[in-house]
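**Q** The structure's right below; bear with me while I get my questions together.
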Amino acid sequence: MTIMRKNHPLLKIINHSFIDLPTPSNISAWWNFGSLLGICLMVQIITGLFLAMHYTSDTTTAFSSVTHICRDVNYGWLIRYAHANGASMFFICLFIHVGRGIYYGSYMLNETWNIGIILLLTTMATAFVGYVLPWGQMSFWGATVITNLLSAIPYIGTTLVEWIWGGFSVDKATLTRFFAFHFILPFIITALVLVHLLFLHETGSNNPSGLNSDSDKIPFHPYYTIKDILGVLLLLMVLMFLVLFFPDVLGDPDNYTPANPLNTPAHIKPEWYFLFAYAILRSIPNKLGGVLALLLSILILAAFPLLNSSKQHGLIYRPITQTLYWIFVANLLILTWIGGQPVEYPFTTIGQISSIMYFMIIVIFMPMASMVENNILKFI
């Protein structure tokens, strides 16, 4: 068997990626989230496939078909809520995975980091089009508001929006194409994941110390396969707890009302994992400025390798930048909270301050802290 896994053309690839892969001996539990994201993607594709067997992408029957899945299909409610809450678990793992990358300086693995940003954007697009499919009130109005943002693009904006809608408003054509996008995008994500892993295995994993670990590597199996299985069991336990006890805790009650173009909900807001970006969008009074800020809130991640001037890898021995990092995390949580609040004082002011802080910490404060820490090193 050993010879076969090392020589067989297909098994050889799996062997080099998951069995004999040389891995730093000191990587912590924060490195588990890559494999957890893989499990989340598998759960989403499998549950999504079964949902697609019963779902109809027509404005007259979409809401009814989701109700039918929950009421009449064997374990349909379980599949539907596993898919909905699986998306939340996916984004929790994604945010922690990106946060770990920032903390330990993994962004210096340029190709892996940039593919990761593309993966994040693709996953956000997939989640957005997926949220439209149940055709509830928040699905319809969320689709209307977010797609309408493209009208801020000079000259081509209005034409672009109507092209995406397939008409002059969000309607049957929009729902059909969003279902098509939602079906194909997870497979594109899977392909991007393979590219992400390909680039990662070219350089090898980063580690908590930030030092070169070539002299101290161990095989991925059995050490990290066992560690990952523990993470997977914990993830599935939390997911099942959510699905079986609090299936709607992360959803919006408005989405249990069928879509009505004549009745606008009091507060239009996206799913919780987009609220930080939504708060940044709302904090700028100008439409085009808001759209650019929304895009930059994600694309700014690409600036980390460019803005890094530290002589050390990661933040483990950098107390000033470490403090800024945790302020940044707290600020992100504040933005998430603000995104779900109505547009009124004091929420608008808090949102504007937090949005400015979000960009200033990354672009100004962290590079300045790096320079200060570099100078302190001279005196040690």
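Each residue, glycine too, has its Cβ placed from N, Cα and C.
From Swiss-Prot, for reference:
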- 33-53: transmembrane segment (TRANSMEM)
- 77-98: transmembrane segment (TRANSMEM)
- His83, His182: heme b b562 binding site (BINDING)
- His97, His196: heme b b566 binding site (BINDING)
- 113-133: transmembrane segment (TRANSMEM)
- 178-198: transmembrane segment (TRANSMEM)
- His201: ubiquinone binding site (BINDING)
- 226-246: transmembrane segment (TRANSMEM)
- 288-308: transmembrane segment (TRANSMEM)
- 320-340: transmembrane segment (TRANSMEM)
- 347-367: transmembrane segment (TRANSMEM)
**Q** Using C-alpha positions only, work out which of the binding-site residues His83, His182, His201 is nearest to His97 (heme b b566 binding site).
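**A** Sorting the binding-site residues by distance from His97 (heme b b566 binding site), the top entry is His201.
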**Q** Just to verify: the residue among His83, His97, His182, His196, His201 with the fewest other Cβ atoms within 10 Å, which of the binding-site residues is it?
**A** His201
**Q** Test of understanding: applying the rule of at least three C-beta pairs under 8 Å (pairs 6 or more apart in sequence), is the transmembrane segment (288-308) touching the transmembrane segment (178-198)?
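**A** They do not touch: fewer than three Cβ pairs between the two stretches lie under 8 Å.
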**Q** Which sequence positions outside the transmembrane segment (33-53), separated from its termini by at least 6 residues, show Cβ-Cβ distances below 8 Å to it?
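**A** Sequence-distant neighbours of the transmembrane segment (33-53): 69, 79-80, 82-83, 86-87, 89-90, 93-94, 96-97, 100, 182-183, 186-187, 189-190, 193, 228, 231-232, 235-236, 239.
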**Q** What residues in the same chain, six or more past the boundaries of the transmembrane segment (113-133), come closer than 8 Å to it by Cβ-Cβ distance?
**A** 55, 57, 62, 66, 87, 90-91, 94, 97-98, 101, 106-107, 139-140, 142-143, 146, 174-175, 178-179, 181-182, 185-186, 188-189, 192-193, 195-196, 199, 270-271, 273-274, 298-299, 301-302, 304-305
**Q** Select the range from 226-246, 288-308, 347-367 that forms the most Cβ-Cβ pairs under 8 Å with the transmembrane segment (77-98).
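**A** Against the transmembrane segment (77-98), the leading stretch is 226-246.
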**Q** Determine which residues of the chain contact the transmembrane segment (347-367) at the Cβ level, with the cut-off under 8 Å and only residues 6 or more beyond its ends counted.
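**A** That would be 279-280, 282-284, 293, 296-297, 300, 303-304, 307-309, 321, 324-325, 327-328, 331-332, 334-335, 338-339, 341.
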**Q** Using Cα coordinates, what distance in whole Å links His182 (heme b b562 binding site) and His196 (heme b b566 binding site)?
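**A** Checking the Cα atoms of His182 (heme b b562 binding site) and His196 (heme b b566 binding site) gives a distance of 21 Å.
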**Q** Roughly how many Å separate the Cα of His196 (heme b b566 binding site) from that of His83 (heme b b562 binding site), to the nearest whole number?
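**A** Checking the Cα atoms of His196 (heme b b566 binding site) and His83 (heme b b562 binding site) gives a distance of 24 Å.
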**Q** Any idea what DSSP makes of His201 (ubiquinone binding site), helix, strand or coil?
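**A** His201 (ubiquinone binding site) sits in a helix per DSSP.
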